[in-house]
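What follows is a single structure, written as structure tokens, with notes after it.
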Amino acid sequence: MRALPSLSAGEAAAVEALVERAAAVDGGHPLSEASLLALREPAPAAQHALLVSAGPADGPAGSGAGPDAPLVVVGYAQLPLEGAAELLVDPAARRRGLGSLLAEQLELLADGSGPSEPSELVVWAHGGSAAAAALARRRGYGPVRELQHRRRPLGPDAPLPPLELPDDVALRAFEVGRDEQAWLDLNARAFASHPEQGRWTAADLAARQAEPWFDPAGLLLAVDAQRGRLLASHWTKVEGSAGHRAGEVYVVAVDPAAQGRGLGTAVVLAGLHHLDTAGCASAELYVEADNAAALRLYERLGFELDTSDVLYRRGAAAPGVG
């Protein structure tokens with residue numbers, strides 16, 4: 001086990017390869033976007049724990065690799081400076097107790113040099129697998145939050161409702177160098193009570209703008225037609241090559257002062273039409289399981305439940321998510 005305050009380029013690449021292997025088998029995202037970005041942060045943004053093997057990815061798991069052997073990471077855990085921890089195990093190395101080893105290391109990192117009482121620790125389990133739930137129970141964790149992953153098809157066989165905007169609202173694309181602060185202000189108002197999204201900074205926004213998938217044409221802004229004030233937005237994401245494009249409803253934000261005017265539905269539809277025009281075969285999104293209003297909207301637009309991510313808290317005794 002390696003516990004590190006930051007990763008080298010080679011270590012980050014080895015973790016990214018592990019993420020790809022896990023995604024290919026599990027069919028989902030084994031790490032959040034924030035955790036993936038933290039792999040290559042120049043300044044320490046998280047603590048990392050690696051389980052490495054000297055052999056190929058499907059070989060036996062070990063605690064270290066020879067000096068000339070390619071680095072193969074078979075287990076990884078991340079404890080960010082703020083927010084929830086995450087861990088994953090190579091599909092070829094599962095059922096060997098590596099998940100328990102990583103969870104134990106996370107607890108040691110969270111507790112530091114030894115407070116008398118354990119620190120609060122929350123850990124995401126992506127995909128809501130039975131194995132993750134069993135590991136959580138064994139270590140005294142309970143579910144406290146659920147994030148649903150939903151999907152709907154796009155294309156001629158899955159037509160979208162027409163887009164309708166209020167007469168006093170105009171739709172335009174994000175302009176780099178002009179709209180950053182206005183969007184951050186909107187995001188903070190719209191997600192004031194959200195544990196992650198509402199805390200975005202200019203650096204967080206810049207990090208996403210630097211990603212290869214970023215396209216300002218896919219960040220749609222609904223503005224007051226007279227004053228130009230930003231009322232709502234829908235940031236879409238398109239990844240993949242032509243013929244294999246995947247679309248995502250990335251961030252939908254509506255100013256609380258502008259709610260009740262149908263802007264949420266309007267900007268979601270605007271983004272879906274954009275993804276459809278871009279050639280995406282489907283659209284996916286993540287939504288809080290207890291957000292009844294958002295769930296009604298997305299179900300009305302044809303989004304069906306795919307998987308769920310569950311957040312577990314150490315010491316939580318509640319039997320259900322809530």
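From the backbone N, Cα and C atoms, a Cβ is placed for every residue, glycine too.
Around the Cβ of Leu98 (acetyl-CoA 1 binding site), a 10 Å sphere holds 20 further Cβ atoms from the protein chains shown. Following the DSSP three-state reduction, the secondary structure of Leu98 (acetyl-CoA 1 binding site) is helix. Here TrEMBL flags Leu87, Leu88, Val89, Arg95, Arg96, Gly97, Leu98, Gly99, Ser100 as acetyl-CoA 1 binding site.
Taking Cβ-Cβ distances under 8 Å and a sequence separation of 6 or more, Asn291 (acetyl-CoA 2 binding site) has no neighbours in its chain. Taken from TrEMBL, the feature acetyl-CoA 2 binding site applies to 252-254, 259-265, 291-296.
Positions annotated as domain 'N-acetyltransferase' by TrEMBL: 169-322.
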Neighbour-count leader, CB within 10 A, binding-site residues: Gly260, Gly262, Gly264
Gly264
Note down the number of other Cβ atoms within 10 Å of the Cβ of Leu87 (acetyl-CoA 1 binding site), including every protein chain shown.
27
Write out the long-range same-chain contacts of Val252 (acetyl-CoA 2 binding site), meaning residues 6 or more apart in sequence whose Cβ is under 8 Å from its Cβ.
Ala232, Ser233, His234, Trp235, Gly264, Val267, Val268, Gly271
In DSSP terms, helix, strand or coil for Val89 (acetyl-CoA 1 binding site)?
strand
Restricting the comparison to the binding-site residues Val254, Gly260, Ala293, which residue's C-alpha is spatially nearest the C-alpha of Leu98 (acetyl-CoA 1 binding site)?
Ala293
